[in-house]
Amino acid sequence: MNPYVLMVLLSSLGLGTTLTFASSHWLLAWMGLEINTLAIVPLMAQQHHPRAVEATTKYFLTQATAAAMILFASTTNAWITGQWDMNNMLSPIASTMVITALALKIGLAPMHFWMPEVLQGLDLLTGLIMSTWQKLAPLALIIQTAQAIDPLLLTALGLTSTLAGGWGGLNQTQLRKVLAYSSIAHMGWMIIVLQYAPQLTLLALGTYIFMTSAAFLTLKMSSATKINTLAMTWSNSPILTTTTALVLLSLGGLPPLTGFMPKWLILQELAKQNLPITATIMALAALLSLYFYLRLCYAMTLTISPNTTNATTPWRIKSTQGSLPLTISTTVALGLLPMTPAILMLAT
């Protein structure tokens, strides 16, 4: 892609998200979401491959549907209350429609079916943008309107997403689909605690972005898109394979890695709110996700690909890809747990 066109598209992505962040008016927020969608569509379709075009079409249709629902809900709310202000969602019908549309935008279950299919058709860098940056604007709107939304609905969305994300990823062999279901499950963790401690939602979002970035950049570095190609990474790059296994375990939420911190604090908050059954279901759903991360770790570190050559290691071709973003995201994804007290002080 032409670098000038790429610069325009990436700056439009930034502009759309910033516009949604800064707005308290529904029309401005809607405009920001639309700019965001229109900026990522050319990035998705740049491969000129039928699967990429199909994924782009699916993404555009779902996002356009969600945007139309947001516009309809905000118009309904303005008609009833006489105001376009986000903090004035007095109509329960409008607030339910808004959360449904935003859940469709970020891929919360049961509106998640488009996400694995779309992510499967994209290259890894565009998939990374879709899994991280594209979540920011809708989540900002969910956080702003959370107080007007029925708590039972938020809890149901959170539980359904963690369970669907865990179950869906169990039988996948495509790594991008595994990461899509991982994203759905993480979104569920963020939504479940939103009504009780929004700062924990932001903390979970931050750790999720770093862990997912590390996972996508690692797969890009090793050019792996299926589980069976992971078996070949050990002989090419032992250190990268070791850190990748740790990043996957961090995504699963195992101590002493960064991914344990948001899960631990969210479960603690749910227990404080006298919701032991919800906390138990969330913890059991995390085990489902952990199983498929362990499956990837097993394929990477404990299996060796069938080899027809007599040499013990294949030629190690030096990668020309920049490794600084991967290094930073991996370090954050593995080592933040000891800083939990400091992060909690900053968050509260």
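Including glycine, each Cβ sits where the backbone N, Cα and C put it.
Features of the protein shown, as given by TrEMBL:
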- 23-288: domain 'NADH:quinone oxidoreductase/Mrp antiporter transmembrane' (DOMAIN)
- 290-344: domain 'NADH dehydrogenase subunit 2 C-terminal' (DOMAIN)
- 60-80: transmembrane segment (TRANSMEM)
- 92-115: transmembrane segment (TRANSMEM)
- 178-196: transmembrane segment (TRANSMEM)
- 202-219: transmembrane segment (TRANSMEM)
- 231-254: transmembrane segment (TRANSMEM)
- 274-294: transmembrane segment (TRANSMEM)
- 324-347: transmembrane segment (TRANSMEM)
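Where the transmembrane segment (92-115) meets the stretches 60-80, 178-196, 231-254, 324-347, the count of C-beta pairs under 8 angstroms peaks at 60-80.
This prediction places the mean pLDDT of the domain 'NADH dehydrogenase subunit 2 C-terminal' (290-344) at 79. Through the fold, the transmembrane segment (274-294) approaches residues 155, 158-159, 162-163, 165-167, 169-170, 172, 178, 181-182, 185, 188-189, 192, 248-249, 251-254, 263, 266-267 of its own chain, all at least 6 residues removed from its boundaries and within a Cβ separation under 8 Å.
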